[in-house]
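Take a look at the structure below.
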Amino acid sequence: MSMLRLQKRLASSVLRCGKKKVWLDPNETNEIANANSRQQIRKLIKDGLIIRKPVTVHSRARCRKNTLARRKGRHMGIGKRKGTANARMPEKVTWMRRMRILRRLLRRYRESKKIDRHMYHSLYLKVKGNVFKNKRILMEHIHKLKADKARKKLLADQAEARRSKTKEARKRREERLQAKKEEIIKTLSKEEETKK
């Protein structure tokens with residue numbers, strides 16, 4: 001059996017693949033051995049004596065299955081961990097994500113006129129100062145602030161109404177007293193006139 005090293009090299013060059021991927025027909029070795037140019041190799045490829053082997057399957061099914069399991073939290077216990085908690089999920093990244101979420105919420109609330117710019121600024125600084133652990137707590141805080149503001153406004157309005165009411169009542173009382181005084185003075189003056 002002759003060595004077909006040259007033919008294999010030429011075939012790999014023509015087929016544009018590695019020498020491992022070239023299949024030479026073992027029943028037609030003599031004919032293949034006679035081919036010593038690229039043109040002849042091309043003819044043999046056309047005839048089917050030289051074939052490019054298909055790509056070996058490297059399945060990712062198991063890998064996909066494991067990835068899905070890891071998303072559920074499987075294979076992620078203490079025994080599987082190599083790095084520190086900070087190496088696996090950096091605190092800085094967690095902080096940045098939280099800041100972006102909370103600041104986005106504040107911006108959205110300000111744009112939709114749910115909070116005014118003064119409240120926005122004070123809450124922004126509180127967010128920066130690590131007051132709110134997550135979005136839910138910030139939203140609850142905003143609702144509470146708004147409720148307190150509304151309650152204060154209501155109480156102020158009620159107090160104002162009460163003040164204006166007492167003012168009106170005092171004014172009416174003074175007017176009545178004044179009218180009574182005038183009446184008494186009139187009657188007294190009439191009596192004095194009749195006596196004379």
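Residue positions begin at 1 at the first shown residue.
Glycine residues also receive a Cβ, built from the backbone N, Cα and C atoms like all the rest.
Checking Ser164, Ser189 against Swiss-Prot, you find phosphoserine recorded for Ser164. When Thr29, Thr67, Thr187 are compared in Swiss-Prot, the phosphothreonine annotation sits on Thr187. In summary, of the candidate residues Ser13, Ser37, Ser59, the record from Swiss-Prot lists phosphoserine for Ser13, whereas the others have no such entry there. Residue-level annotations in Swiss-Prot identify, among Lys65, Lys144, Lys153, Lys181, Lys181 as SUMO1 cross-link. When the recorded positions Arg5, Ser164, Lys181, Thr187 are compared by Cα distance to Arg16 (citrulline), the shortest distance belongs to Arg5. Comparing C-alpha positions, Arg38 (citrulline) sits nearest to Ser164 among the recorded positions Ser164, Lys181, Thr187. The Cβ of Ser13 (phosphoserine) lies under 8 Å from the Cβ of Arg38, each on the same chain and at least six residues away in sequence. Reduced to three states, the DSSP call for Arg16 (citrulline) is coil.
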